[in-house]
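Enquirer: Have a look at the structure that comes next, please.
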Amino acid sequence: MDNLITQIREIFKDDHINTEDIKRVLEAYKSNPLDWQKYAHFDPHKYTRNLVDIGNGKYNMLILCWGPGMGSSIHDHTNSHCFVKVLEGSLLETRFSWPDPDKSDEPMQETDRDEHPINGVTYMSDELGLHRMENPSHSDNAVTLHLYIPPFEHCQIFDERTGRKAQSAVTFFTKYGEKVDYRGSKLGRTFTLSSSSATPSSSSMSIMNRKVLFAALVAVILLVGVECARKKNRNRDKNERPRNQQDNEEENRFESKDEGRAERREKPEREREKFSNKNEQDEESEEKEEDKNKANKTANPKRIRRTQHIHRLDERVAEDSDLKTRKLRRNNNLLQQGGRHREDNLKRTKERNTKEVITESVKGQNQKDKHTHTHNTNRRLRREEKLKRTKEVNSRQN
Ligand SMILES: [Fe+2]
């Protein structure tokens with residue numbers, strides 16, 4: 001099929017077109033379903049027109065799919081040339097003369113009838129009259145290749161019994177192997193029927209791009225709308241929450257704040273504690289002033305109640321702070337008193353030990369003195385006894 005399209009395009013490069021060249025190329029092509037089956041899409045209720053190539057606007061190449069017994073209306077070709085090649089099955093062509101405008105409601109006159117077999121080629125134009133095409137088989141499908149030069153968007157259809165005519169739009173069941181959706185569009189939009197390997201042209205791609213962009217835009221709008229609705233619901237839920245829940249949340253918030261302050265106050269440095277307490281009290285007093293100012297500025301009852309509740313919580317926190325401060329001071333005093341007691345005990349113990357040492361030394365000295373005195377006394381006694389004995393010996397000698 002691609003080779004056939006290439007040859008047709010070569011013919012249409014020139015401004016002057018020889019219809020015999022086109023007919024020769026079509027007759028030379030031998031139908032192969034593998035070439036054209038990607039364009040052949042059937043409908044169970046009517047024959048289908050499937051666009052294959054537009055030849056840069058110079059022609060329309062179509063593949064028409066005919067179910068068993070399906071046929072077209074009697075129609076003209078809007079001053080275009082029409083070539084038809086049978087690709088599958090057979091095609092019955094019935095030709096009619098143009099109805100006489102001076103005679104109304106008369107049956108149309110058939111001029112020719114011919115059945116074209118597979119690979120057969122036929123040509124038709126308004127100069128040759130009108131025709132009707134149909135699949136004569138009641139069991140098999142038929143597939144035909146049509147070439148309209150130049151392409152046309154409307155034609156006239158005729159009633160065989162009366163010759164009355166009507167305008168009919170030329171539509172496509174598929175374009176380049178993709179299904180055409182005519183909902184909301186006169187020109188139709190294409191979407192993929194199957195995993196066809198057909199390559200859409202630039203016009204089809206632009207239609208697809210517009211479709212994708214439109215879908216993306218709709219998705220963005222929906223997302224923004226959903227987000228706005230969620231935000232609105234969140235604000236409404238927040239405003240409608242029960243007052244007790246808000247109070248509990250406020251209490252939890254201040255309890256956590258109180259715990260944090262208590263942890264800071266439990267640090268051993270007393271000066272840092274005093275300094276932080278002072279700063280916290282200053283901050284609390286500033287917050288109170290700000291809350292008072294806000295409360296005065298806004299007359300919202302909910303805000304006033306909330307501010308009053310915050311003040312009560314602040315007072316409670318301040319009372320707790322004072323109690324803990326007094327407790328810490330008392331503990332510090334007890335610690336100091338305990339320290340003094342320990343110091344006194346140590347001092348007394350030291351003095352006692354010193355006295356004992358002195359006493360022991362005195363006792364030792366006394367014992368030493370006593371021992372010396374005893375020793376001296378014994379010596380003196382021994383010397384006096386010796387002198388006494390010496391005197392007695394002398395007296396005896398005398
Ligand atoms: Fe036709």
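Glycine too: its Cβ is placed from the backbone N, Cα and C atoms.
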Enquirer: For the Fe cation site that TrEMBL lists with His75, His77, give the additional residue from the candidates His41, His45, His116, His131.
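Expert: Of His41, His45, His116, His131, His131 joins His75, His77 in the Fe cation site that TrEMBL records.
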Enquirer: Restricting to the chain of His75 (Fe cation binding site) and a gap of 6 or more, list residues whose Cβ falls under 8 Å of its Cβ, or answer none.
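Expert: In sequence order, Leu130, His131, Arg132, Cys155, Gln156, Ile157, Phe158, Ser168 meet the Cβ cut-off.
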Enquirer: Residues near the Fe cation site, His75, His77, His131 excluded, by Cβ within 8 Å of the Cβ center?
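Expert: Nearby residues not in the site list: Ser72, Ile74, Asp76, Cys82, Met124, Asp126, Leu130, Arg132, Cys155.
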Enquirer: Taking the Cβ of His131 (Fe cation binding site) as centre, how many other Cβ atoms lie within 10 Å?
Expert: 23
Enquirer: State the residues, same chain only, that lie 6 or more residues beyond the ends of the region 'Disordered' (98-119) and have a CB under 8 A from a CB inside it; answer 'none' if no residue qualifies.
Expert: 27, 29-31, 74, 84-92, 129-130, 136, 158-165
